[in-house]
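**Q** Take a look at what Swiss-Prot says about it:
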DOMAIN    24-260  domain 'ABC transporter 1'
BINDING   Gly56, Glu57, Asn58, Gly59, Ala60, Gly61, Lys62, Ser63  ATP binding site
DOMAIN    270-510  domain 'ABC transporter 2'
Amino acid sequence: MAVSPTTMAAVRASGAVPNAEYLLSAEGVRKEFPGVVALDDVQFRLKRASVHALMGENGAGKSTLMKILAGIYTPDKGDIRLKGIEIQLKSPLDALENGIAMIHQELNLMPFMTVAENIWIRREPKNRLGFIDHGVMHRMTEELFTRLNIAIDPDIEVRFLSVANRQMVEIAKAVSYNSDVLIMDEPTSALTEREVEHLFRIIRDLKAQGIGIVYITHKMNELFEIADEFSVFRDGRYIGTHASTDVTRDDIIRMMVGREITQMFPKEEVPIGEVMLSVKDLCLNGVFKNVSFEVRAGEILGVAGLVGSGRSNVAETLFGVTPASSGSIELYGKPVAISSPTEAIRNRMAFLTEDRKDTGCLLILDILENMQIAVLQDRYVKGGFVQQGAVEATCEDMAKKLRVKTPNLYERVENLSGGNQQKVLIGRWLLTNPRILILDEPTRGIDVGAKAEIHRLVTEMARDGVAVVMISSEMPEVLGMSDRIMVMHEGRVTGFLNRDEATQIKVMELAAQ
């Protein structure tokens, strides 16, 4: 018999902790959405004072299960147990009251409120007159930060914080509920290497305090560094759980994809043609200066550099999002002035942005609506009318080519996994038949199987004569996919490396100049 959230919260508050082997567990869980079985008889078991990683391709069911454990979704079938007692979680508030907190990949803080106000929202300490006691709230926040070894001013507005510090605030907020379980969804996707190290120190401190942590990630190195054990999901099913010390990287990949991935970077030697894009002394005041390079047909130019080096800003300028202050751009041997994305598209350029959710996908629209955006003004409009049948057929073919996992084209993009959202974006731009393709972090937050598929697509486009500019923070991707590598540091180009001479050390030396 399941215990109500209120009853379980009372048991938790009393300190009467059942003698259970697992802090949190799920057995026989099933969840269906229209046309899709997201979870089918899955299980999960989290031990106290441990880090348990969840691995699997996009759409494997990881996030769905975690949303069930966080009270966001309710399961169609199955049992959830907290410290051995079966519970029912009908809302995120139920989960919080029972000590289960989830830190989402998309952070949910109020930008114009202070750090302290965000942490204690709807739980603010009051003075005798019933007003918020900001002094007490400040001290409570400082005490919490001291416990977590976080150095952030409680009175600063969140909008002034870096992504890493916002994440620290989210963690502190979750801990402030006296949580026994923290669920972290891709917590390092937008962090630098140093910020990741800081996050891991905090995770280890939380683990030492007896907290159990569920860690969703696609990054193998993180699993081996921070996780005690891991579980793998595939196609909505539970595959297995192992100690992270008992397996190799290849073992995990086989469990995730159910097959061998023989070529993660299927780079081909293709004929390099004429110059398609030539940039000379391009500047954007206060951001980057004197950027010069060229890309030829069939060539993949990798762009490497640390966070803040200006790589994404250059991409946005090339695509007309932020017009340059000075410098020149030539397309196909002719000078052009690109002042808007519409003009860039007209010149057969395509740009896959690094932030698919904020500046890429229109989440509330369906797959068809997202894919057709870039082509409706062109070949599918005749006599002022859209040839909707032709549009749908073309988008259907593209979705099949990219292996987008969906029941149909009318599924809202917000319901897709991160990897499938990225495929929808790629499909949108492939429909424009581009001659120049700019990719900014094309495989960020995507599982190993989807990465290999996207690398294959990029290779095919290069083979077809497309000039590719690929910005990536993943060194194996840059080294494995690029014909040449351009390295940037603090808004300037510090050097170029050919494929046969490029090494991780050489790239990092140029990136740190």
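Going from the start of the chain as shown, residues are counted 1 onward.
Just so it is clear, glycine is given a Cβ too, placed from its N, Cα and C backbone atoms.
Quantities reported herein were computed from a predicted structural model and do not represent experimental measurements.
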**Q** Over the domain 'ABC transporter 1' (24-260), what is the model's mean pLDDT?
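**A** That region's mean pLDDT is 90.
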**Q** Specify the secondary structure state of Ser63 (ATP binding site) as given by DSSP, simplified to three classes.
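**A** SS state of Ser63 (ATP binding site) = helix.
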**Q** Can you give me the same-chain residues 6 or more apart in sequence from Glu57 (ATP binding site) with a CB-CB distance under 8 Å?
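**A** Correct list: Arg234, Met256, Val257, Gly419, Asp447, Val448, Gly449, Ala450.
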**Q** Which residues, sitting 6 or more apart from Lys62 (ATP binding site) on the same chain, put a CB under 8 Å from its CB?
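**A** Non-local contacts for Lys62 (ATP binding site): Leu54, Met55, Gly56, Ile216, Phe233.
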**Q** Would you find the one among the binding-site residues Gly56, Gly59, Gly61 whose Cβ has the most company, meaning other Cβ atoms within 10 Å?
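**A** Checking each of Gly56, Gly59, Gly61, the winner is Gly56.
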**Q** For a quick check of packing: other C-beta atoms within 10 Å of the C-beta of Ala60 (ATP binding site), how many?
**A** 29
**Q** Compile a sequence-ordered list of residues in the same chain as Ser63 (ATP binding site), six or more apart from it, whose Cβ lies below 8 A from its Cβ; state 'none' when nothing qualifies.
**A** Asp185, Ile216, Ser417
